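All remarks here apply to the structure that follows.
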Amino acid sequence: MITAAVVATDAGLSWDLVRDVRQMFAYPFMVNAFRAGTIVALTAGATGWFMVLRRQAFAGHTLAVAGFPGAAGAIWLGLGATYGYFAFCLTAALIIAAIPGAGGAAAGRAAESATIGTVQAFALACGFLFVSLYKGFLGGVNTLLFGSFLGITDDMVLTLTAVAVAVLAVLALIGRPLLFASLDPAVAAAAGVPVRGLSVAFLIMLGSTAAEVSQITGTLLVFTLLVIPAATAQVLTTRPALSLTLTVLLGLLVTWAGLTVAYYSPYPIGFFITSFSFGLYLLARLAVGAHDLLGRAARVPRMTGAAA
């Protein structure tokens, strides 16, 4: 079995960048890692942007956490972890979607938050139960929680591709009314938009995306690709199309950078993707703050001159 420490020992940076890239992509598992990472970043960027806009980050985190008992339970039963990720994430999405008014009015959001917290606590407890019940050696607990780019097979890439195509296709179809319902649910409902149906559909797509991202970043760091790129983009611009595009591009950037650095390091990929994402978010905040400060400073002399 390939481990991150072995890869980091065998790999080494040189002054020949082209050679280093060729060496990295000589490994089939790295090719699959970049394929899977690209697919996941595209899907997470699109759904994560709507999730942040709809203020459902807590729901996204809980859906990701639900992947931990799913994967651990699947391994305990002798099945592939991928089946467990999707089964539990989608089940959790349906439970949250069953809350009356979920994703809508303030009362609905309050009930949603309470149920989400309950589901999250129960999911974590089940995850550790399944790990303790497993009689063999489960050395991948850290991988389930914090992610790994090793061991991604061709079949996994195909599964991720199929799910991504389905999620993005549905999102393209319902994107405009979903945006309307996200910005003002009451007005959208009065205009005849099926706000409740859109909320349920989005939660199912979010559950599918969380199951995908969990297999790269681990269940505890899904926030990295679902939240931080979208939050960064929405700090930089309020224009929906530009913000959504920027979210996807930032997700791709941090994923590719994280995979590259993780290849030369024995540490989890989730740490690097999270660190790069957080760094970009801080830079965006500082840039916007500096821009606002300079703008206020430039207005003061003009106002003083006008008063004189």
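Residue numbering: from 1, along the chain as shown.
For all residues, glycine too, the Cβ spot is worked out from N, Cα and C.
Remember, TrEMBL labels are computer predictions, not curated facts.
Listed in TrEMBL:
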type     : residues : note
TRANSMEM : 25-51    : transmembrane segment
TRANSMEM : 58-79    : transmembrane segment
TRANSMEM : 85-107   : transmembrane segment
TRANSMEM : 157-174  : transmembrane segment
TRANSMEM : 213-232  : transmembrane segment
TRANSMEM : 244-263  : transmembrane segment
TRANSMEM : 269-288  : transmembrane segment
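The stretches the transmembrane segment (25-51) and the transmembrane segment (269-288) are not in mutual contact, being linked by fewer than three Cβ pairs under 8 Å (pairs 6 or more apart in sequence).
Within the same chain, the transmembrane segment (269-288) packs against the transmembrane segment (213-232): three or more Cβ pairs sit under 8 Å, each pair at least 6 residues apart. Between the transmembrane segment (58-79) and the transmembrane segment (213-232), three or more CB pairs separated by 6 or more residues in sequence fall under 8 Å, so the two stretches touch.
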